[in-house]
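Here's what Swiss-Prot has on this protein:
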type    : residues                                               : note
BINDING : GLY112, ILE132, GLY133, ASP134, TYR135, VAL136, LEU137 : S-adenosyl-L-methionine binding site
Amino acid sequence: MRIDIITVLPEMLEGFFNCSIMSRAQKKGIAEIHIHNLRDYAYDRYRKVDDYPFGGFAGMVMKIEPIDRCISALKAEREYDEIIFTSPDGEQFNQPMANSLSLAKNLIILCGHFKGIDYRIREHFITKEISIGDYVLTGGELAAAVIADAVVRIIPGVISDEQSALSDSFQDNLLAAPVYTRPAEYKGWQVPDVLLSGHEAKIKEWELQQSLERTQRLRPDLLK
């Protein structure tokens, strides 16, 4: 998989993609992450990528020309399954969406900034708008990192223990069961006996029961 991220703050993302699972996925050759500084596609010597909105509205708007130039340059080199814009207006990001996007070969993620982007970009280039929650961030960079991480980590081969990824919260619209490690007893707090029994069927039954109970208590909306 290849993910191209377009941003006005590349330094905000570079460290993230050089750590942990994202770094491992790239070293294994399973994923490629390319970060593009939108200012490199600006027309003027000041590398200006924003301007005042028509109509006298407040704030600044990301200009159409640099975004067009960047996306067009990328599309000239390869086909993309989705061109994603991180936006509070978008569809709420969730695990099923991450699962679906993990099957893609090439993705572009455009990070929103300022008051937004010239709407013509959304009309003529963007194929999918994604929100990571009903709150406002300084820019779309954090959202892009969240999306990329959730998508890449479930590609086969990225995580050595694939069963661990498949049992994460939300994979079956259920929260994960509690997990424990050594010591089995600490300050009188005991690990559930069933987990120490070695009885695989009973452990699986306990895991499902715990997942259902936790989901009903903490996220009943997932069971609807």
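Glycine residues also receive a Cβ, built from the backbone N, Cα and C atoms like all the rest.
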Comparing the binding-site residues GLY112, GLY133, which residue's C-beta has the most other C-beta atoms within 10 angstroms in this structure? GLY112
Max CA to CA distance in Å over the S-adenosyl-L-methionine-binding set GLY112, ILE132, GLY133, ASP134, TYR135, VAL136, LEU137? 15
If you count CB neighbours within 10 Å, which one among the binding-site residues VAL136, LEU137 has the smallest count? VAL136
Can you list the residues of the same chain, besides GLY112, ILE132, GLY133, ASP134, TYR135, VAL136, LEU137, whose Cβ falls within 8 Å of the S-adenosyl-L-methionine site's Cβ centroid? PRO88, SER131, ALA143
Validating a neighbour-count step here. Other CB atoms within 10 A of the CB of TYR135 (S-adenosyl-L-methionine binding site): how many? 7
Sort out the sequence-distant neighbours of ASP134 (S-adenosyl-L-methionine binding site) for me: same chain, 6+ apart, CB within less than 8 Å of its CB, listed by position. PRO88
